[in-house]
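For 23-137, the entry in TrEMBL reads domain 'Thiamine pyrophosphate enzyme N-terminal TPP-binding'. Sequence annotations record features per position, and here TrEMBL assigns domain 'Thiamine pyrophosphate enzyme central' to 214-342. Per TrEMBL, the feature domain 'Thiamine pyrophosphate enzyme TPP-binding' maps to 412-553.
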Amino acid sequence: MADVLEIRPQESAEENAQQMTDGFHLVIDALKANDIDTIFGLVGIPITDLARLAQAEGMRFIGFRHEQHAGNAAAIAGYMTQKPGICLTVSAPGFLNGLTALANATTNCFPMILISGSSEREIVDLQQGDYEEMDQLNAAKPYAKAAYRVLHAEDIGIGVARAIRAAVSGRPGGVYLDLPAKLLSQTIDAVKAKQSLVRVIDAAPRQLPAPDSVKRAIDLLKGAKRPLVLLGKGAAYSQADKEIRAFIEKTGIPYLPMSMAKGLLPDTHEQSASAARSFVLAESDVVVLVGARLNWLLSHGKGKTWGKPKQFVQIDISAQEMDSNVAIAAPIVGDIGSCVASLLDQVGDNFPQPPKEWLDAVNEKKNKNLEKMAATLAKSPSPMNFHSALRVLRDIVKQNPDINVVNEGANTLDYARAIIDMYQPRKRFDSGTWGVMGIGMGFAIGAAVTSGKQVLAIEGDSAFGFSGMELETICRYQLPVCTVIFNNNGVYRGTDVNPTGGKDVAPTVFVKDARYDKMIEAFGGIGYNVTTPEELEKALKEAIASGKPTLINAVIDEAAGTESGRLTNLNPQSAAMKK
Ligand code: ADP
């Protein structure tokens with residue numbers, strides 16, 4: 001931290017007695033003092049100079065076309081690195097656009113900081129009608145893990161430190177930092193400014209589990225007849241990859257990864273029970289949740305999905321998460337690395353392996369389902385459908401195991417998650433806890449910038465629409481992102497008709513035979529239009545070898561796709577419409 005702040009002389013020689021700096025410089029110095037080197041954002045009043053200065057001071061500023069995508073890029077960068085991703089926006093509408101991403105980050109436990117410029121307090125608080133007037137701090141509070149405002153330049157250092165610690169400590173989340181325009185231009189004595197900087201020490205301290213909680217879990221596991229481990233994205237985030245793998249392999253327990261935990265162990269691992277998901281959820285008797293919440297994605301831990309009665313061990317950094325949906329028999333509260341290491345200490349080398357009948361039953365189910373899937377994937381219908389196209393993508397990911405996969409859509413998400421095996425941790429980024437659309441290009445840019453590696457964004461045509469303009473951003477920064485659009489002419493599919501016979505198309509239908517590949521060509525990227533698995537494979541190989549911005553418009557059967565994908569149960573339909 002010692003040399004991060006240069007002393008900047010004032011321009012006017014007469015006032016040179018004291019060397020001064022200002023809020024703009026201090027914000028950048030405070031971020032750099034904490035090794036933050038990238039800002040995702042969109043410039044405008046009052047933060048344009050902040051972005052310019054960040055770049056001039058050696059940080060990377062990645063400029064977007066819409067703040068939501070800058071925010072999503074920051075959030076995924078936070079998830080990949082355990083350092084808060086930074087999103088910078090203008091006031092009111094820019095802030096609100098960014099807030100969607102901040103709320104999504106908080107919901108998903110991704111660490112990020114949304115920094116927005118804001119109007120003057122005196123005018124906002126008296127509601128006197130300032131330019132882009134808005135009480136942003138209070139608007140952010142319900143959707144953020146924490147929200148702070150800095151009013152004095154000498155507090156910038158502590159404000160940034162507080163935001164960083166809040167974002168990454170305990171359960172990670174989104175933090176809002178409000179910087180009024182006046183703060184940025186405030187001047188301050190440079191020596192005092194330098195002294196006000198704070199480098200956060202041990203931003204996310206280890207949280208060791210209580211030994212009796214570990215023992216309770218081990219006792220429960222020892223008595224289990226049909227144990228199962230469920231890995232969530234908290235487990236992937238924790239970067240305790242080795243410990244988690246050792247725990248699974250030493251106990252011999254079958255495991256299921258949630259979608260973003262795929263690849264924490266390779267999906268081809270012999271203990272993976274993914275292909276027998278419904279069976280193991282229903283039949284298991286003791287389930288160890290590692291960084292996974294029993295929310296809607298897991299049917300709240302009850303009902304038909306969970307079948308037979310069971311007991312849960314839950315490992316989570318948030319004590320409050322325990323008993324959120326069902327009773328947790330053995331809660332272990334702490335950071336996943338420490339918790340799994342403590343469990344491993346108890347497991348040793350001679351832990352009783354799960355009964356053979358259980359492992360045989362899981363394997364039998366798994367092999368049957370894998371065979372069924374292989375038969376479906378082997379078909380090559382014309383026109384191409386989700387399965388025949390995804391077979392090609394599956395093989396490409398297998399050949400390029402360090403590729404980053406971004407995935408959103410309804411059917412495109414459901415099928416891709418099930419069909420594409422992942423081989424490395426933190427390589428799959430998707431719709432997450434909200435099951436949201438619109439993360440596509442933001443996550444793709446965040447992943448490409450953070451890893452410097454190839455990204456494959458697998459998008460439904462509807463999902464892509466939310467962030468499609470960021471193709472220009474991808475081309476501007478020449479990012480190695482290959483976007484594949486599963487184009488079936490509409491939301492879910494393109495075959496719905498307007499029952500009145502009127503001139504408007506049905507609510508789910510898009511322009512027929514749209515050429516999304518032409519969009520990327522407008523910005524100098526390379527577009528492909530493909531209609532068969534062979535063409536798709538050729539285009540994909542070429543696209544990935546080029547390392548350039550590319551987009552493949554994959555035309556699939558417009559009748560392929562079901563309403564709401566696998567979430568049909570969440571989509572109430574009127575009885576009249578069903579007729
Ligand atoms: P998924 O959607 O994959 O099931 P969730 O987002 O529901 O995963 O769950 C992630 C959980 O992981 C959250 O409850 C969060 O508190 C927890 N978590 C995140 N990071 C850590 C960590 N380092 N140690 C322990 N728990 C963590």
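Just so it is clear, glycine is given a Cβ too, placed from its N, Cα and C backbone atoms.
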Here the mean pLDDT of the domain 'Thiamine pyrophosphate enzyme TPP-binding' (412-553) is 97
Secondary structure split (DSSP) over the domain 'Thiamine pyrophosphate enzyme TPP-binding' (412-553) reads 54 helix, 27 strand, 61 coil
The correct DSSP tally for the domain 'Thiamine pyrophosphate enzyme N-terminal TPP-binding' (23-137) reads 58 helix, 20 strand, 37 coil
